[in-house]
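Engineer: So TrEMBL lists these for the protein:
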type	residues	note
TRANSMEM	A:17-38	transmembrane segment
TRANSMEM	A:58-82	transmembrane segment
TRANSMEM	A:108-134	transmembrane segment
TRANSMEM	A:161-182	transmembrane segment
TRANSMEM	A:189-210	transmembrane segment
TRANSMEM	A:249-274	transmembrane segment
Amino acid sequence: MRALFISELERLWKRKLIWMMFAAIPLIVYATARYYAVHNLQVPLDSPEFVTSGNFPVMALIEQLIVVFNLVSLVLLTLSFTEEYRTGQLRMVLLRAFTVGQLFRAKAAAYLVTISLFFAAYLGVSVAVGFQMFDSSETTRLFHHVSPAGPGEVMGYTLKYYGISLLTVVGMGSAMLALAVICHTTTAAIGFGVGILLLSIGYPLVYLTFNTVLNLQLPAQLAFLSLTQIQYEGIAYLLADSSMGPGPYFPLFALAVVAGYVLLCAGGACLAFTRRDRWI
Amino acid sequence: MNSLIQSEWQRMWKRKKTLISLILFTAIVLFDCLFLGVQRFGAFDNIHTAPLTAQNFSVFLLKEVSFLLTLIVAPLLIVDSINGEYTAGQLRLVLIRPISFARLFAAKWLNLAFMLLLFTAITFMIGEFAGHLLKPAADSVRYLNPAQVYDRSEAFIYALQSYGLFYLIVLAELSLVGLVSSLMPNALVSFFVSLGVLIGALYISDTLGFFLMSASVIFQLMAGSYAAPFYGPVLVCTGIGFLATMGVWQRRSWTR
């Protein structure tokens with residue numbers, strides 16, 4: 001099993017595309033920093049949106065999380081689950097006495113390791129760029145927090161933010177994984193993957209509009225059924241001071257949504273992947 | 001050339017993706033009509049809005065669905081036709097016949113242009129139809145430029161012109177994505193590099209922002225307040241993209 005995992009990891013990392021994505025991190029972070037440097041001129045000093053070297057890693061993640069990280073996750077999954085499977089590259093692997101279930105777990109583990117590395121690399125680069133391009137300050141204002149935070153608290157906040165973001169990206173990735181397993185070609189997998197991303201982005205707007213206009217009186221929290229909405233607003237809510245958060249049940253609800261995505265979609269994908277015979 | 005176009009057309013419809021995208025696209029457009037139907041105002045940008053009426057409904061529908069067409073459906077169809085078929089070796093049997101690569105590419109380009117016209121036209125027709133079904137008709141309509149007032153027939157011409165401009169943008173995209181797809185080694189890379197090029201174009205220069213911001217560019221263009229040149233860049237992208245891709249295909253070996 002360990003050998004299989006390593007071979008999966010090697011097969012993923014032999015691709016230039018993966019290296020290109022990691023090489024793009026400094027460019028993305030730098031572009032984000034340029035954007036915030038201009039943005040800083042328009043926001044007051046005591047706003048949580050004012051970027052200092054302390055909160056730059058979190059702000060840089062907020063700006064790019066929904067599009068860049070979800071797309072990176074989509075590419076990884078499509079390469080690993082659709083392309084390798086459908087072009088028959090896995091035939092040689094399955095000559096050996098591995099079950100398809102083992103292969104699925106090894107692939108999933110390789111995906112998790114790679115996407116975590118991507119987050120870690122992004123964090124590292126954004127810390128460096130933050131100190132290079134922004135002034136530091138004694139205290140930092142955080143979203144939905146009553147009082148400004150000191151450096152230690154900001155560090156904890158940053159790590160928690162990155163951790164929860166990773167969980168949501170993996171949740172979104174589960175839905176993409178299900179599509180990647182079902183689709184017969186890479187273009188279809190990508191099309192549906194980007195489609196579900198756009199759908200998740202559009203859903204809260206549509207839901208809230210219908211709710212207000214048709215006066216349905218449904219709870220507004222249901223907008224967070226979309227994982228991109230959790231990525232957009234929810235993570236800051238999860239890390240908010242208890243007096244300024246959206247309510248005591250929100251963390252449980254958000255956890256249930258992410259867990260639901262992972263269990264339903266990744267579980268379904270696992271079933272679909274392992275039920276096929278080996279004559280790829 | 002005629003039979004080549006026909007065979008290309010058949011091959012395009014043989015892929016299930018084409019039909020599925022058409023059905024899904026139509027479904028989403030219809031749903032978007034419902035979404036616009038419950039709203040009272042349409043937004044040109046963050047500041048300017050106008051009451052939704054039967055006359056301007058289709059224009060606002062275009063704003064809602066333009067991303068779907070320019071960022072997902074169009075790149076998908078183009079990449080599949082221009083990169084997917086070649087790299088998967090599906091063209092081998094076609095090229096057993098004495099056909100030049102350049103002609104083959106021209107047939108592909110024309111077919112894709114027609115296909116994208118179909119998608120655009122469907123959006124326009126659904127928009128006009130749903131607008132008259134869901135919204136009250138107005139005698140006069142104003143768009144982004146408040147000084148210009150349009151009566152009913154003029155508003156129809158306005159909508160038609162907007163869709164025409166959008167189609168020009170889509171054609172420029174076809175040439176550009178076609179060029180990217182011809183240079184990249186597989187469909188996956190083509191798709192993402194194409195997306196990168198379409199989005200990155202905005203950062204290179206405001207002149208090329210029409211790929212990403214198509215709807216707002218069209219609003220400004222029709223109001224006469226669009227600062228950057230439009231027709232020049234669009235035609236250059238379409239023409240140069242087409243010719244460069246033709247060159248790439250002409251120089252290809254037959255041994256793939």
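Even glycines carry a Cβ here, placed using N, Cα and C.
These numbers come from a predicted model, not from an experiment.
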Engineer: Look over the recorded stretches A:17-38, A:58-82, A:108-134, A:161-182, A:249-274 and say which has the most C-beta pairs under 8 A to the transmembrane segment (A:189-210).
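Structural biologist: If we count Cβ pairs closer than 8 Å to the transmembrane segment (A:189-210), A:58-82 scores highest.
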Engineer: Using a Cβ-Cβ cut-off of under 8 Å, list the residues of the same chain that are 6+ residues beyond the ends of the transmembrane segment (A:161-182) and lie near it.
Structural biologist: 57-58, 61, 65, 69-70, 73-74, 76-78, 81-82, 108, 111-112, 115-116, 119, 123, 189, 192-193, 196-197, 200, 227-228, 230-231, 234-235, 238-239, 257-258, 261-262, 264-266, 268-269, 272-273
Engineer: Counting only residues 6 or more past its boundaries, what in the same chain has a CB within less than 8 Å of a CB in the transmembrane segment (A:17-38)?
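Structural biologist: Distal contacts: 51, 56, 59-60, 63-64, 68, 72, 75-76, 79, 114, 117-118, 121-122, 125-126, 129-130, 133-134.
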Engineer: Sequence-remote contacts (6 or more beyond its ends) of the transmembrane segment (A:249-274), Cβ cut-off under 8 Å?
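Structural biologist: Tertiary neighbours of the transmembrane segment (A:249-274) are 81, 99-101, 104, 108, 167-168, 170-172, 174-175, 177-178, 180-182, 221, 224-225, 227, 230, 234, 237-238.
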